[in-house]
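Now, the feature entries from TrEMBL:
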type	residues	note
SIGNAL	1-20	signal peptide
DOMAIN	446-789	domain 'Ionotropic glutamate receptor C-terminal'
TRANSMEM	567-587	transmembrane segment
TRANSMEM	599-617	transmembrane segment
TRANSMEM	629-648	transmembrane segment
DISULFID	Cys738-Cys792	disulfide bond
TRANSMEM	810-829	transmembrane segment
REGION	907-929	region 'Disordered'
COMPBIAS	909-927	compositional bias 'Low complexity'
Amino acid sequence: MGFPKLNIIISIFILPSCYGATVFAAAEQENVTEIDIGVIVGNEIQTALELAAEDVNRLLASSQLRLLLHFQDSNGDPIQAASAGVELLQRGIVAMIGPQTSQETGFVAQLCDHAQVPMVSFSATDPLLSSHRCPFFIRLPHSDAVQMRAIAELVKQYGWRKVVAVYADNDYGSGALSSLSESLQAVGSEIAYKSAIPTDANRVFITGELYKLMTMQPRVFVVHMTPELGKGLFSVACEIGMMADEYVWIITDGISTALDAFDASALRSMRGVLGTRSYIPRSAELDNFDSRWKQRLGTQNPGKPGKLSIYTYYAYDAVSMIGSALQKWDNRVFSFSKSPSNGTTELKDVKIFRQGDRLMHLLSQTDFRGLSGHLRVEGGEIAGARYEILNVVGESGYHKVGLWTKGDAGISEDAGNLSRLESVTWPGGSRTVPKGWATPVNRQNVLRIAVPIKRVFNQFVETTPSGKETVVSGGFVIDVFNEVVKRLPYALPYKFIPYRNIKIDDLVLKVFTKEFDAAVGDVSILANRSNYVDFTQPFSESGLVMVVPIKKADSSNAWAFLRPFTLSMWIATFAFFLFTGVVVWVLEHKRNKTFRGNLRNQVLTCIWFSFSTLFFVQRERIVSSLARGVVIVWLFVVLILTSSYTASLTSILTVKQMEPAIADVQSLIGSRAPVGYQKGSFVGRYLQEQLGIHPSQLHDYSSPEDYATALSKGPKNGGVAAIFDEIPYIRVFVSTHCGYTTIGPTYRTGGFGFVFPKGSSFVSDVSKAVLDLSESSEMQRIQNKWFNMTACTKAGAQVDSDRLSMESFWGLYLITGTASIVALLLFVGRQVYGYTRHSSVPSNSSITTHVKSFVNYMDRREPSSPRRKIFRTGQYSNSNYNIGNYNPNDAPEFRTSMEEREMSMRTISTSSASFSQGGCSSGTSSSRRPWVYRSRDVDYIAEEDAQYEGP
């Protein structure tokens with residue numbers, strides 16, 4: 001049984017250039033039927049499709065499949081394209097190629113979705129056309145969204161911040177604008193203006209539009225339109241002088257792909273233009289196709305040369321893609337069903353391709369190398385992208401100056417990589433990169449900047465009278481703004497307009513309502529104001545502080561000796577004296593007789609020992625090694641404390657001391673004393689809402705002189721106890737008025753910033769310039785110019801406390817506390833170990849019994865270590881002997897029992913002999929005399945028989 005006959009129809013839409021009909025089919029096998037092909041439009045594209053079909057049919061010969069191309073003509077009209085599409089779908093086609101424009105493709109793609117027929121486009125670049133909207137749509141050229149990322153990277157590399165979009169006023173031109181805007185924003189640039197040129201615009205219209213663009217500041221133009229409209233645009237631009245120095249023109253592939261077809265006159269008018277175009281690498285297959293195409297075209301149209309374009313290669317690859325998918329077709333089943341549509345008769349006759357999903361799946365798996373390069377489909381698009389950067393050099397044509405590549409991963413957010421560009425010829429023949437902006441011809445575009453005028457604090461904004469008007473002549477804020485404008489990447493013409501209303505909030509509202517284009521002055525950045533306007537980065541130090549009078553400290557006070565230490569320092573010092581005494585008592589109580597006795601004596605000994613260390617007069621002997629370590633560390637701490645106290649007290653009593661009249665903000669709030677602030681500022685509202693100060697306590701003042709008067713009067717004489725204001729104002733005040741200082745914390749605020757309307761394009765540029773200025777030495781120079789730091793400022797800007805606090809000594813207390821605790825732990829551990837070894841309490845006794853037993857064990861005195869008596873070196877006298885200096889070698893050692901010692905002592909007490917010099921000597925007689933000595937002159941050292949005395 002033979003195979004059934006198959007009809008595979010591929011439909012192609014191309015812009016009309018001539019009309020005719022031809023048949024492309026040959027019956028080489030009995031199972032293949034000849035199909036008539038419609039009307040031929042566009043010799044270049046038709047020839048490429050014929051060559052592609054021939055190549056594919058040779059590959060499909062073994063499958064007994066043959067592509068039969070059927071052509072239709074849309075004449076560039078979307079309606080005709082839709083009608084032709086319906087006609088073709090009624091015939092039962094399995095795939096669609098074309099049409100040529102994005103607008104036509106949008107109509108036909110919806111019809112193909114309805115008929116479930118895959119559609120392959122070789123020219124549509126509209127970003128709105130995608131497989132998400134049209135599931136059966138695939139395109140070979142990259143979307144304009146990808147091309148706009150390449151253009152944005154080009155703009156970024158040259159540092160241009162604003163561009164003007166010049167585009168054709170149709171779906172093709174406007175469809176790419178949103179992609180261009182997003183891509184530019186991603187690199188920190190923006191579209192400053194959009195100029196729409198109708199597709200049928202004449203030279204008069206184009207001239208008027210270009211003259212309008214000449215009055216604008218940006219000089220970078222991105223042109224996105226058809227080749228014919230582009231040639232007319234550049235012809236006019238060259239005539240009126242817009243192809244001169246400082247101008248930048250960038251064309252998209254809508255024009256750059258047709259540069260090979262432009263004549264010398266058109267190329268001459270485009271000298272210096274940059275362009276982007278899809279990059280197609282040269283290959284042997286491409287060269288072979290070019291040769292075949294020229295030969296075939298010459299045969300079909302003798303004497304009429306044609307020009308190859310990128311879309312010719314894409315058209316060839318579109319047929320190859322379908323052929324590649326059909327090679328994977330495992331059967332020859334291509335079936336259709338009737339359309340379920342209840343609409344017009346034409347749509348009812350459209351045939352639904354039942355295997356459309358399967359063919360679409362095979363097309364989506366395309367991965368081969370075509371004439372245009374490596375083709376791999378991802379999400380209805382070709383993965384990866386490469387755009388070459390072209391530079392038109394005049395009549396001789398153009399040359400490649402760079403390459404932009406996008407990874408094959410298909411990540412839409414990928415910004416791509418732009419290679420280093422070669423030397424570019426710019427409009428006017430210059431080799432210097434244009435700035436991208438110029439001073440506008442129309443001076444009506446000058447920014448109207450409001451400047452708040454105050455009669456005080458002239459260091460910020462300075463004005464001078466000029467006839468009946470007031471002119472802004474200088475000031476810190478004005479100098480900063482002028483310097484910032486110099487650092488902008490473009491010219492910014494502006495005019496200062498004095499604004500006399502003292503309320504800054506009213507000025508902000510004027511900017512919000514567009515009465516002013518901006519505001520420059522000592523305007524604070526606040527959250528509620530940012531709801532209406534945009535602020536730049538602050539150019540001044542931010543913060544709200546309190547200023548109070550300085551008074552002389554009274555050093556003649558009877559309690560002045562307490563001032564060196566704060567209360568917390570006194571308490572901590574006293575506590576550690578007691579703590580150290582207790583620790584030493586615990587460590588010595590068990591072995592040292594001095595730390596034993598009744599409770600009263602033990603407490604007094606403990607207190608006496610700890611406080612006697614303050615003067616290093618402690619006489620109690622320490623026998624425990626742990627106690628000795630604790631005492632050594634404590635004596636070091638005492639040395640530091642006494643030295644610091646002595647130095648501080650000396651300074652207090654001998655040096656003139658100044659202290660603020662108010663200790664801190666909390667004491668001010670608690671006293672409910674009157675408080676002052678600057679009139680017209682936000683500070684009054686801040687004090688009420690954030691610090692809880694009652695409105696009756698607040699008084700507003702207008703000038704630094706008012707501040708000084710109110711503070712000098714004080715709260716009891718109709719003045720105020722303190723003034724709150726922002727740091728820049730307070731610095732001016734304390735630099736010109738002595739006897740005042742800032743105290744307390746700094747309450748964070750936004751600082752001073754320049755004001756622009758919401759969404760203003762100047763905010764980011766001015767903010768960057770502010771940061772650049774802040775990091776330079778120029779800002780310091782401006783500050784020194786307007787804020788002279790006098791001796792008054794340096795002497796009284798801030799008064800530090802002269803009292804020593806725990807912040808300076810907590811490390812010492814940490815050291816001695818740690819040493820004491822470690823010694824206690826070691827001692828207790830040793831005692832617990834000894835108790836467990838010698839305890840006679842049964843193990844099954846109650847916890848209370850064990851505790852009592854352990855306490856008794858701790859309180860019981862340990863035996864003293866054995867020692868022997870040796871006389872101290874000294875001079876003794878006896879009524880019967882002249883005794884010189886004591887020599888240990890001459891003194892006999894004696895050891896007696898306890899009874900003999902008591903008898904000797906009684907003998908000493910009853911003896912009438914007395915020593916007059918305190919010495920001793922040995923006689924020559926063989927009999928021993930009892931040694932008579934003062935007990936206070938005896939040292940107990942070495943070993944001695946121990947005698948347990950009990951607790």
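For all residues, glycine too, the Cβ spot is worked out from N, Cα and C.
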_Which sequence-distant residues neighbour the transmembrane segment (567-587)? Criterion: at least 6 residues beyond either end, Cβ under 8 Å._
595, 602, 605-607, 609-611, 613-614, 622, 624, 626-627, 630-631, 634, 637, 641, 803-806, 809, 813, 816-817, 820, 823-824, 827
*asked:* On average, what pLDDT score does this prediction assign to the domain 'Ionotropic glutamate receptor C-terminal' (446-789)?
replied: 84
*asked:* For the transmembrane segment (810-829), give me same-chain residues lying six or more residues beyond its boundaries with a C-beta closer than 8 angstroms to one of its C-beta atoms, as numbers and ranges.
replied: 572, 576, 579-580, 583, 586-587, 624, 626-627, 629-630, 633-634, 636-637, 640-641
*Ten-angstrom check, please: count other Cβ atoms within 10 Å of the Cβ of Cys738 (disulfide bond), all chains counted.*
14
